[in-house]
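Undergrad: Relevant sequence annotations retrieved from TrEMBL are reproduced here:
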TRANSMEM  A:56-79  transmembrane segment
TRANSMEM  A:86-109  transmembrane segment
TRANSMEM  A:115-138  transmembrane segment
TRANSMEM  A:159-178  transmembrane segment
TRANSMEM  A:208-230  transmembrane segment
TRANSMEM  A:242-275  transmembrane segment
TRANSMEM  A:287-307  transmembrane segment
Amino acid sequence: MSILKSREAVLALAILALLALIASRFPAFVTPANLARVLTDTSPLILLALGQMTVILTKCIDLSVAANLALCGMVAALLDGMGVPLAVILPAVIAMGAALGAVNGLLVWKLGIPSIVVTLGTMTIYRGTIFLLTNGAWINAHQLSDTFKALPRAEMLGLPVMAWIMIVAVLLVGLAVARLPLGRALYAVGGNPHAAGYAGISVGRTQFAAFVLAGALAGLTGYLWIARYAVAYVDIAGGFELDVVAACVIGGIAIAGGAGTVAGAVMGALFLGIIKNALPVVGISPFWQMAISGSAILIAIAVNTLARRAPGRIILKREEAAA
Amino acid sequence: MLRKVLTTAAMASALMAPGLASAQDEPVRIALVAKALGIGFFEAAAKGAEEAAAELGDVEIIYTGPTDTTAEGQIEVLNSLIAQRVDAIAVSANDTDALVPTLKRAMDRGITVISWDSGVAPEGREMHLNPSSAPLIGNTIIKLAADHLPEGGQVAVLSATSTSTNQNTWIEEMQKVMGDYPNIEVVATVYGDDLADKSYREAQGLMQSYPDLDAIIAPTSVGIVAAAQAVTDAGKVGEVNVTGLGLPSEMAGHVKSGASQSFAIWNPIDLGYSATMIAHALATDEATAEPGATIQIGRMGEVTLDENGEAAMADPFTYDASNIDEFSSIF
């Protein structure tokens, strides 16, 4: 546990160092108002990283989250166009996201297809469905109702509602992972599926639950995304699934499953979000930006792997010493 | 075989005889072929074609196209037009090369063939009409920003990806004419990668890095919408003007909110009008399609063909609060 704690501490320090580095070039970046803006901007990434974390914990991966987000967002925009009130749209897109996640989960659970293959397929299907729904047409700012666009922007206690939704989601998922049987099942299934099976935990059912959670979060984020950027089209959040996976990996979620924390996923997403928001203002040539984002991911993973290697080897010794 | 060649030659010469068609009081039949029916952009072009026909008097417009944007569908449509012996075909092609054999057959039978909007390979048409050209677009995007900055000011460019050829060419052409706008300073060029979220973030970054920024020029339809939203969310409507290239249907809300004073894109009505004018001039031998030739296109002025047989119609058309409603329902 102390090792886990220190890994998150390392990440927190890295975030502070990153902020200090940015502040040395562009001081206005670390003003509270701007940090709140960055937090809001990173909210979609954090929301999706939470879902992705639970999926990765069970040794799976969900590449369809961004497509799920885009499809649910488009449906939200279409419902809004039909005059459906927001109070109905929100639960509807969350349920729809959960259902789309359940498709992934069922295919993994009942047919035993590797999750990377399943979600690669559904990713394309979900994107294609948006095209079928709209014939490729855009839904634009003036076609969305004002209440639809206002919710994520509305301010409460100095933060936009979008950030508050993210914070509530982080707390709920954190609580669920720490306190509910499902949370323990996630770690058990990812840590040692056979042992989990013998302990009476259904591996498939747990993976299914993780996919449903990831889907529901993607559905919610779909609405938030469309409302914030006030435009919906087929390619919304294209390639975003890779950012989400990167955030998890930076956050120390073991890609082989069974290890990782909510705090790690959140900080991993924040780390990426800060870089994304800082690059436009620190005056780095756009030609370097992609290389810098990529290097940051690799360095974070290298640090994580190095930090994990030593503890991994001394566990037995420590057990011996304790015995 | 010989007889077929002879008849073809006879037909061709009959059609080429100047003034023959009008002498017999038979209208010149011009087919305007769209990429697909039911697309607002092409319906608007057809409207322009009808306008040209009314102006010319002796012209009948056949507006047609396949039901989906495929080359196969277009070939069927072209075959039926050849069978109807129209005088001219003006096509916006779904495929550069696939239509060439069919269009060659049409030309062999004396039908005037031009392409517009989306071109056909040179051997399949007499000339191609581009809606605009890189230098005209480059000049337009900076002019749009400068027109609203009589005192001068700072502008920044929000492009698509750093490797997109179109945008880079337009920005390069814009830099070439910066001498004509001495008070305007281009402070930065950033890249939103044609992603709504990245473009939004880059626009926010521009407003933070350059607090005195007066305008953002986004020559990409994703970027201009995202930048307008970022300006609105930052409460800088009226301070930072978003302009560039966009579609009226996508920009209508932002023009009304004031985030964008004006923006540009080619006008499909003008394009259909000009294509018809050119097709008519070539079909009646008032003009010939050869490199360097100049063709009159009515109210749009004239176009000059380059060495590839291509011509650029005009500056992109400017849309603002006065005409946005009319066009936002079209495309």
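Think of each number as a place in line: the chain as shown, counted from 1.
Note that Cβ sites are derived from N, Cα and C of the backbone, with glycine treated the same way.
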Undergrad: Sequence-remote contacts (6 or more beyond its ends) of the transmembrane segment (A:56-79), Cβ cut-off under 8 Å?
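TA: Result: 44, 48, 88-89, 92-93, 96-97, 100-101, 104, 108, 115-116, 119-120, 122-127, 129-130, 133-134, 139, 143-144, 148, 186-187, 189-190, 193, 203, 206-207, 210-211, 214-215, 218-219, 221-223, 225-227, 232-241, 244-245, 248, 253-260.
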Undergrad: Same chain, outside the transmembrane segment (A:115-138) by at least 6, Cβ under 8 Å from its Cβ: which residues?
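TA: Contacts with the transmembrane segment (A:115-138): 55, 60-64, 66-68, 70-71, 74-75, 78, 100, 103-104, 107-108, 207, 211, 231-234, 241.
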Undergrad: Considering only Cβ pairs within less than 8 angstroms, which of the stretches A:86-109, A:159-178, A:208-230 has the most against the transmembrane segment (A:242-275)?
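TA: By Cβ pairs under 8 Å, A:159-178 leads among A:86-109, A:159-178, A:208-230.
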Undergrad: Cβ under 8 Å to the transmembrane segment (A:287-307), counting only same-chain residues 6 or more beyond its ends: which ones?
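TA: That would be 6-7, 10-11, 14, 246, 249-250, 252, 268, 271-272, 275-276, 279.
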Undergrad: Using a Cβ cut-off of under 8 Å, list the residues of the same chain at least 6 residues beyond the transmembrane segment (A:159-178) that approach it.
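TA: For the transmembrane segment (A:159-178), the list is 36, 39-40, 43, 46-47, 50, 54, 151-153, 186, 213, 217, 220, 224, 228, 261-263, 266.
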Undergrad: Quickly jot the same-chain residues contacting the transmembrane segment (A:86-109) by Cβ under 8 Å, restricted to those at least six beyond its ends, or write none.
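TA: Counting only partners 6 or more residues beyond its ends, the transmembrane segment (A:86-109) has Cβ contacts under 8 Å with 51, 60, 62, 64, 68-69, 71-73, 75-76, 79-80, 115, 118-119, 122, 126, 147-148, 151, 204-205, 207-220, 222-223.
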